[in-house]
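For reference, the structure discussed in these notes is given below.
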Amino acid sequence: FQPLHTLRNAEKELLPGFHQFEWQPALKNVCSSWDVGIIDGLSGWTTSVDDVPADTIARRFRYDVALVSALKDLEEDIMEGLRERGLDDIMCTSGFTVVVKESCDGMGDVSEKHGTGPAVPEKAVRFSFTIMSISIRVEGEDDGITIFQEQKPNSELSCRPLCLMFVDESDHETLTAILGPVVAERKAMLESRLILSIGGLLRSFRFFFRGTGYDEKMVREMEGLEASGSTYICTLCDSTRAEASQNMVLHSITRSHDENLERYEIWRKNPFSESADELRDRVKGVSAKPFMETQPTLDALHCDIGNATEFYKIFQDEIGEVYQRSNPSREERRRWRSTLDKQLRNKLKLKPVMRMNGNYARRLMTREAVDVVCELVPSEERREALQKLMELYLQMKPVWRSTCPSRECPDQLCRYSYNSQQFADLLSTTFKYRYDGKITNYLHKTLAHVPEIVERDGSIGAWASEGNESGNKLFRRFRKMNARQSKMFELEDVLK
């Protein structure tokens, strides 16, 4: 328990805005001063005459200042990495490349629970980044040498908050207004080099940003795609829901940010004077202006949750033997659901949840869970099919969950395409009643896109949004316990 002023001084060194740096060339449209701490999230947003001022509170760090602070935190790791690779740190002053993962997620109800008066529907959005790796290009070498790799890319400890705002993630206008300056800063940094003192010498860094920590809802919002109930089921390829349920496995990644921008222009101008349906088919569901570049990938956490929800529904249908009948009533469905919940609670101590969450999903997708469910399934043949389905799923899952699949589960990685084909065959024959002309978004991605993403990025799990999700939990905690009780201060305290 230090006196406040000593805490303040210690805090200064840890917070962005303490370390001196410069950019070469200077960043376009970004002030060159480096001693910038917490700023208003709405600063940098020029309002036009007609604009209504955004009715929200937001606080953020300037992006470049926050990155500098993160690099200074890793100073020892960088020097250690150079030593381990046998590189002379006096020679290594340029050629550093930093890869940054960006995450952004909306949080539901964060309103104060204990105050008097009506509960206001207060939502928040957090944007954060994680430094994934730092490498250096040495003369005479073609490839960069990695000197730092984040070992726990999904821990909240490596996930640094950049911007906190009281906004509903569905409020596209306000969200884009606040993140607009962040996007502009990020764009400026791509065309410049950071000069920063590390280990006593000035060194130059360039940055690559990969927006992968978004769930599907956020990706669709950022990339101008229709919402997730659209017939255009996928954020990676142009497939429709019907096509994806017919051909479950053979798709490749075609969408990109640039292509989405081109398609938006076609949508806006309609150069061929087509009808609304023809036009929509031409642009494959791009109907708003893509706002921020995201990396076409699959979010491992939400993939788990989406697939577990789907399995839960299959379990329910199998208990009611839906494959033998069509259109069961709501009452019957409700009865099967309560039977399933009761069984899972008694045998696995799994309490029913309102909305599927990560922990429930992980416990539901196990051999034990499927065995317990099979006790309620009358037909031997259907029990075997269910067990086989789960077995295949459990073979596939480590490939998109693990941080480095080629090292952690090479066999499953090799067999992934075969397993996903088997899985798809089972769905389109034994479970045809559920997959006739329809399939869920994440199930499509799990079956069709995982090998291609792993081949391109080396991992799916490492680029997931979990670090940011865990940080959401901390946000709630700090907001309740550790923040001064004024909305203005509160976000600043939480951001610190």
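Even glycines carry a Cβ here, placed using N, Cα and C.
According to TrEMBL, the feature domain 'V(D)J recombination-activating protein 1 DNA-binding' maps to 1-21. Annotation source TrEMBL lists domain 'V(D)J recombination-activating protein 1 pre-RNase H' at 22-93. What TrEMBL lists as domain 'V(D)J recombination-activating protein 1 RNase H' is 98-230. What TrEMBL lists as domain 'V(D)J recombination-activating protein 1 ZnC2' is 232-294. Annotated domain 'V(D)J recombination-activating protein 1 ZnH2' per TrEMBL: 296-458, in sequence order. Per TrEMBL, domain 'V(D)J recombination-activating protein 1 C-terminal' is recorded for 466-496.
For the domain 'V(D)J recombination-activating protein 1 pre-RNase H' (22-93), the DSSP-based tally of helix, strand and coil residues reads 21 helix, 10 strand, 41 coil. Mapped onto DSSP classes, the domain 'V(D)J recombination-activating protein 1 RNase H' (98-230) shows 29 helix, 54 strand, 50 coil. DSSP assignment over the domain 'V(D)J recombination-activating protein 1 ZnC2' (232-294) gives 27 helix, 3 strand, 33 coil.
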